[in-house]
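Okay, so TrEMBL annotates it like this:
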type     : residues : note
ACT_SITE : Cys28    : active site, phosphocysteine intermediate
DOMAIN   : 6-89     : domain 'PTS EIIB type-1'
DOMAIN   : 106-454  : domain 'PTS EIIC type-1'
TRANSMEM : 111-132  : transmembrane segment
TRANSMEM : 144-163  : transmembrane segment
TRANSMEM : 170-191  : transmembrane segment
TRANSMEM : 211-234  : transmembrane segment
TRANSMEM : 246-272  : transmembrane segment
TRANSMEM : 278-297  : transmembrane segment
TRANSMEM : 329-349  : transmembrane segment
TRANSMEM : 361-382  : transmembrane segment
TRANSMEM : 388-408  : transmembrane segment
TRANSMEM : 420-445  : transmembrane segment
Amino acid sequence: MARDARVVADRVMSLLGGEGNIVQLNHCATRLRVVAKDDEKVNAEGLSATEGVHGYFFQNGQHQVILGTGFVGKVFAIMKGNEAIEETPQAEEKNDKVSTFQTLTRTFSDIFVAIIPALVATGLLMGLRGLLVNGFGIELSPQLNTLSQVLTDTAFIFIPVLVTWSAMRVFGGNPVLGIVLGLMLVAPQLASKWDVAFGNAEAMMIPFMGFEIAVTGLQSSILPAVFMGWFAALVERTSRKYIPEVLDLILTPFITLLVSLIAGLVFVGPILLGIEKLITEAVLYFLQIPYGIGGLIYGGAIQFMAVTGMHHTIVPITIAMVTDTGFDYINPLGTAAIAGQFGAAMAVMSMQTDKVKRTGMFGAALPALFGITEPAMFAITLPRVKPFLYGCVGGALGGCLGAIAGIGSAGTGATMLPGILLYLGGGLGMYVLVMLVGAASAFALTKLLYKEPK
């Protein structure tokens, strides 16, 4: 039976304490994320039991209602139609109950959730090109090859533009200025970091206090773009406090762009670019620990990170990994973890004698096949604890296999069945085996060791 978005939106609004109790409303791929004025007014049990809702949990100062892909956007649009609810920028949001670490985690989530669809689409296009060229041996004409490169490379080369736009939006700045700053980071007048690294061009040297600072374009960089978005929003908001309104339209954007570009491109950007490279190399070293130990640890731990929201901090690393090496070696490990939760959820579902419960659990588990694990995890495995742990064991075993095999995806963002497209150019058989090991081992462990309370 199809869910009625209007009915669910009205019910969720009521259980959240009404429109007057909602001070911030956002959503990600599967969840409504709400900051309430008074958490005591939120009916957690009612939200969990609402028909059409896959689960509810409170995390990082937010009430998160799991609705599933596609449907969450419909409910969000209906609830956002209420003028009493405003989408509060991160910079203006104040919540004393949220720790600095939780705020940092949520900020990364807010920045990167918005750009993930572009990365997923680009990754799938990479997989399709790999299938045509490597799988079927098709030789592309120069024109088609150029067109395919435009389709597959643009989002990753110009990722700073997406990040600065999203960061400015999150931190309460003007997103259009964020786009301009991102374009400045990849301006063609600057030698790209790749050309400089391979000796095909020289960095621009800027003298400063007796030293020379090497400045290059920051194509495919993440951390410098995040800093630029945050710093530019700070400069813009600060400037607006002191500049007369009659001059605001002229001076505020001018000061924001000038100060932010100098700080980000010349001073902080090169430092953060070096840190980003070190982080990527450290992660690759960890994943290459002998006998798949790195994959075992990651595959078993990533769902614990997902519970706390920390998994969003992995996104910048995967993007940097693809741009530096051409592959995302974290992808198969994350896929194994999702497969583990799917297998455990299906095992719990098979234990149900009530047809309505079985149907509901199947609906919650199904999105995991498409890389969305929250409904299965928060509605089925995590509340029962042991199935969640067995799912993590399955993820660890599948992750170990993936690390030993050394497979990586040609793009990032897509896992489970959609992720197959990322391996069409190579490694597909092992990728499928990683999924099967993760799901089957978790299913078997849950079936053998867990007993559903009557």
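From the backbone N, Cα and C atoms, a Cβ is placed for every residue, glycine too.
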Three states by DSSP: which one describes Cys28 (active site, phosphocysteine intermediate)?
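Going by the DSSP assignment, Cys28 (active site, phosphocysteine intermediate) belongs to neither helix nor strand, so it counts as coil.
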Would the transmembrane segment (420-445) count as touching the transmembrane segment (111-132), i.e. at least 3 C-beta pairs under 8 angstroms with sequence separation of 6+?
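Stretch pair touches.
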With the transmembrane segment (329-349) as the reference, find which of 144-163, 278-297, 420-445 contributes the most Cβ pairs under 8 Å.
420-445
Given the cut-off of 8 Å on Cβ pairs that are 6 or more apart in sequence, determine whether the transmembrane segment (278-297) and the transmembrane segment (388-408) share at least 3 such pairs.
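The transmembrane segment (388-408) and the transmembrane segment (278-297): touching, yes.
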Where DSSP helix means H, G or I and strand means E or B, what are the helix, strand and coil counts for the domain 'PTS EIIB type-1' (6-89)?
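Tallied per class, the domain 'PTS EIIB type-1' (6-89) gives 32 helix, 22 strand, 30 coil.
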Counting only residues 6 or more past its boundaries, what in the same chain has a CB within less than 8 Å of a CB in the transmembrane segment (420-445)?
123-124, 126-131, 133-135, 299, 328, 331-332, 335-344, 346-347, 390-391, 393-395, 397-399, 401-402, 405, 407-411, 414
Quick one: average pLDDT across the domain 'PTS EIIB type-1' (6-89), no decimals.
81
What parts of the chain pack near the transmembrane segment (211-234), using Cβ distances under 8 Å and only residues at least 6 beyond its ends?
91, 111, 156-161, 163-168, 170-173, 177-178, 181-182, 185-188, 190-194, 196, 203-205, 256-257, 260, 263-270, 272-273, 275-276, 316, 319-320, 323-324
